Amino acid sequence: MGNWLTGNWSSDRSSGYSSGWSPGGSSGVPSGPVHKLEKSIQANLTPNENCLKQIAVSSVPSQKLEGYIQENLKPNRESLKQIDQAVDAIWDLLRSQIPVKEVAKGGSYGRETALRGCSDGTLVLFMDCFQQFQDQIKYQDAYLDVIELWLKIHEKKSVKHEHALVVQVSVPGQRILLQLLPVFNPLRSNENPSSCVYVDLKKSMDQVRASPGEFSDCFTTLQQRFFKKYPQRLKDLILLVKHWYEQCQEKWKTPPPQPLLYALELLTVYAWEQGCQAEDFDMAQGVRTVLRLIQRPTELCVYWTVNYNFEDETVRNILLHQLRSQRPVILDPTDPTNNVGKDDGFWELLTEEAMAWLYSPSLNTESPAPYWDVLPMPLFVTPSHLLNKFIKDFLQPNKLFLKQIKEAVDIICSFLKNVCFLNSDTKVLKTVKGGSTAKGTALKRGSDADIVVFLSSLESYDSLKTNRSQFVQEIQKQLEEFVQAQEWEVTFEISKWKAPRVLSFTLKSKTLNESVEFDVLPAYDALGQLRSDFTLRPEAYKDLIELCASQDIKEGEFSICFTELQRNFIQTRPTKLKSLLRLIKHWYKQYERKMKPKASLPPKYALELLTVYAWEQGSGTDDFDIAEGFRTVLDLVIKYRQLCIFWTVNYNFEEEYMRKFLLTQIQKKRPVILDPADPTGDVGGGDRWCWHLLAEEAKEWLSSPCFQVEQKGLVQPWKVPVMQTPGSCGGQIYPTVGGVTK
């Protein structure tokens, strides 16, 4: 068992750990947070610990960070076990004397983010006699006096600090400054709290005029649960960030507020959730991401909806008030009234220190130095009048990025045309740049470069289906041999398919500041050379439709053959519509990332087409209100069960074979969204994908500040029909759809 030493920062003794806590140590724990005790601790550190204090973590090479954490920052497991036993002994003593129903462990100790050496912790005592938040205000001090008295009777020393008693739990190699906090327990079960808990919290705070976050300790159980679900490696990253923060404090004359430490822990969790979510990640990459976020305090707005959300009006108003307040905002995920990131004048100092480490040689041992793509604030809290700025600042790639992408694409296209099939009978007919980069809708750091390579040996849809996997393998083989003679680094993604349709890889080069992800797809040249005044060969579609009728072909299986048409359909659109497309894609990606468990969502291309349709039908102008466009697309997603959308720009109802096929397509189960380049491609898919999940997310977003305009109320969607018919597209055909003649 460990020593329970109060107010005494003497070195550990070799005896007295067998049972309970040894009395001893001078009275009077220093009243400030842990960082105020650093000088006292320093004098009693072992030589190795003293050495650690002198080594700036910012000087540790990136490849050695993991070893640094394991060797210097992580507490010893046996020490933590002894700490647990000592804390449990405190709990056993107190519950035998006072009406404590249960306890929760908080602070760094409870969150399992305690640093080796000295750290903070709390033992929250849920008092059986506290029936409401107000009781905590009325009776907390009285119970602290009772607890202090019982501790003295048992020769256990403590110091009263604000609304807590502070004791030191000490074992060899580890000390915890433990606050004892008698509080009200608003959670009557182990389940997630209902909105009533937070409505009651707001009501009680108003009655007693409590400060924001004053009752946050009541939610320690939730805080413990919140951190428990995260992988150990993320907690190791938190230790690294906290250790850096402690070293920063030593340079500052005035100690920062204790909540800032918790804010950095939450910011680290946010960075990992938004940018990684993998249990095995590069530690330096995580550090760079956190430091980049710290550099942007005036934009930081971080929150979670795991314990509270926007459904209840009272809770929604609390949240919106917080999210509209001055940045930085980092909300406690267990208490919406508690902004632990509030700026008390220290963020500027922290920003300077973050910049110094971020651009230090030790953290830039490779070029480019990778980091996760994480925004400092979510789209949800962006006011409607700032959406254009959000797109420009966070989503739209700069000219340098686009130049880098172009250079990378040119490198691969040159390889495909001039090297890959040099000694083969197969010839490259053409390479076509596809995907968001070619369409002009690429996201900053979040878009792939697609290259479709049309090969002479692929002479039909059938030959493409049969032979494309061998061409994928051949391209990979040739590329692997070629890069050995170049200053490139290529990492191939292992396909989950036995017969892969695409070669996916990441390209790094000394000439590129960013690594670029590629998808290379072999294709059959069904269209030949396109010209703007050229009417498409009807054979291309006729052959495709006949093949689909005779064989079990998945819808859109050969859409890759029509990449040029897909690209041109978007590429020619106004710049502002492309901005709206970026916004919708970002919204989609954010939901895709947070969705648990994972499900099969509709393809992003479906959302792109839905966005174009909304603009065509609702605006059609080069200059429109982004918030209205965004709101309209979400409205269409919510109405997915009614959607029937198609275009007649590349095919129409004139030819008999096409007319019959299209009439069959548009009478399928909703939603129906036909690819304007490929009539066999229904990216709406009926019930093939989980549209209902996307619709639920869209409904939640209707309460977002994105759609609130002061004085004018809510942003209204454009008036857009959810269903098209051949007649509405000028086809002079009025079929029966859903039992109604259109």
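In case you wondered, yes, glycine gets a Cβ from its N, Cα and C as well.
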Looking at Swiss-Prot, which one out of ASP373, ASP519, ASP525, ASP543 binds Mg(2+) in the same site as ASP448, ASP450?
ASP519
In Swiss-Prot, the ATP site includes ARG582, LYS585. Which of SER424, SER436, SER456 does it also list there?
SER436
Of all the binding-site residues here, ASP448, ASP450, ASP519, which one's CB has the most other CB atoms within 10 A?
ASP450
Quick check: of the binding-site residues listed here (ASP448, ASP450, ASP519), which one has the Cα closest to that of ARG582 (ATP binding site)?
ASP448
Residues within 8 Å of the ASP448, ASP450, ASP519 Cβ centre (excluding the Mg(2+) site residues themselves):
GLY434, GLY435, ALA449, ILE451, VAL502, SER504, GLU517, PHE518, VAL520, LEU521
Counting other CB atoms within 10 A of each CB, which of the recorded positions LYS417, LYS585 comes out lowest?
LYS417
Secondary structure at ASP519 (Mg(2+) binding site), reduced by DSSP to three states:
strand
CB contacts for SER436 (ATP binding site) [other CB atoms within 10 A, all chains]:
24
Where the distance is taken from Cα to Cα, which of the recorded positions LYS417, ASP448, ASP450, ASP519 turns out closest to LYS585 (ATP binding site)?
ASP448
Between any two of SER436, ARG582, LYS585, the residues recorded as binding ATP, what is the biggest Cα to Cα distance in Å?
10
Is it possible to get the count of other C-beta atoms within 10 angstroms of the C-beta of ARG582 (ATP binding site)?
26
